[in-house]
C-alpha cells in the first residue's frame, strides 16, 4: 500500500497499524537548527490521547512518544534538529484484537473494510489497521515539529457543531477551548453537548461534528496558482483525516448564498501604508495564495461507523447478516479530530513556507509600502 507520505518539502510519512506493536512517522525536510523538547511534542499528543472522558474511546493508550533520529541534544537543554529525517515512535499498549474476532469475515457498514478488500484482496480486521484513526496520533506529533518551522504563526481549532447542535459564535472564547472535553469555545454549549452525547452514548450510537481551524500570523504569499494552491492542499490535508466528508475555506458553501457585494473583501490603506481587508470571507486565501489575513477552514466529520446498533451487512462470501460492532469506539470521533486538524494545518503551512523560500527566496511581504 503506497501513498503514506504527505507534503512536498516538509514531508510526513506515517507507518503502523491500530493493533500492531507501534505506530510512527518520519518527518523529512525539516530545516536544521530548530530547537524543541519531547515535552512539547508530548503535550500536543496528550490533547488527542484517547480515554480522557466518557465521550471518547476508552482504549487506554498513553501515547508516549520517542524521538529516535534527526536530532541532537542542545547544550542549553532539549533537542535541536540536524536536518536529517526525524523519526518519532509510539508503542501501542492497549490493543484488544479479540474484540474483532467475531467479525473478522464481515464488512462493517460505513468502514473501509469492503474497499480495502476489493482493492488489495485482504484487510486488517483488527480495528481497521491503517484505516483506523489511531494513525492520526503521528500527524499530531509531526504537527508539533511543523510548528517550529512557523515562528509567529498561531494555529488553533475548536469544535463548532455536534450533530444538530451548533455553538453561538457570538460567545466564542478561545480561552474556553482547553477548559472542557469538547474543545468547545462557547461555555454555554458545553452542558447542552454533554446531555446530548450522553443520550447518544447510552443508545450505543454516534454522531458527527464540525471543526474550525484558524491560523493567525500567516504571511502573505504562501501558495501558488493553479495546481499549487494553498487552499487545495489544505482541503487535501483535511480530507485525508479519517471520517472527514467535507471541507470549506473561509465562507465556504455559504458564499453561494451571498451577492458579490456581500462576499468581496474590500480593502483600505492603513496609517502605516499597508493595505488591509475589511472582512475575511475568503478565509485568508485568494487565488490559492495567502493574503496575510487569518487562514480559516472547517471540516465535517461523519458519525463513527462502529456502533452497537445492529445493522445489515454481508460477509466476504456474500452472506447477509446482522452485525454489531464490539470494541471501544468514540461516540463522536470529531472531538479528537480537533488537534489533528491543527496538526494538518501546521504541516501544510510549514510545507508552503519552505516551498515559497525555495522558489522566491524572500520572506513574503506586502508589495507596496510608504516610506
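Easy rule for this one: first residue shown is 1, then count along the chain.
Backbone N, Cα and C define each Cβ position, glycine as well.
Record features, source Swiss-Prot:
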- 48, 54: NADP(+) binding site (BINDING)
- 130, 131, 132, 242, 243, 287, 302, 303, 304, 305, 306, 328: FMN binding site (BINDING)
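Feature map: annotations from Swiss-Prot on the structure.
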residue: 48; record: NADP(+) binding site; Cβ within 10 Å: 24
residue: 54; record: NADP(+) binding site; Cβ within 10 Å: 12
residue: 130; record: FMN binding site; Cβ within 10 Å: 19
residue: 132; record: FMN binding site; Cβ within 10 Å: 19
residue: 243; record: FMN binding site; Cβ within 10 Å: 22
residue: 302; record: FMN binding site; Cβ within 10 Å: 17
residue: 304; record: FMN binding site; Cβ within 10 Å: 24
residue: 306; record: FMN binding site; Cβ within 10 Å: 23
Residue 306 (FMN binding site) in three-state DSSP notation: coil
Spatial separation of residue 130 (FMN binding site) from residue 54 (NADP(+) binding site) - C-alpha basis, Å: 25
Cα-Cα distance linking residue 48 (NADP(+) binding site) and residue 304 (FMN binding site), given in Å to the nearest integer: 16
Residue 243 (FMN binding site) in three-state DSSP notation: coil
Pairwise Cα distance for residue 302 (FMN binding site)/residue 48 (NADP(+) binding site) [Å, integer]: 18
Cα-Cα distance linking residue 48 (NADP(+) binding site) and residue 132 (FMN binding site), given in Å to the nearest integer: 14
Whole-number Å value for how far residue 48 (NADP(+) binding site) lies from residue 306 (FMN binding site) (Cα to Cα): 19
Cα distance (Å, whole number) from residue 243 (FMN binding site) to residue 48 (NADP(+) binding site): 16
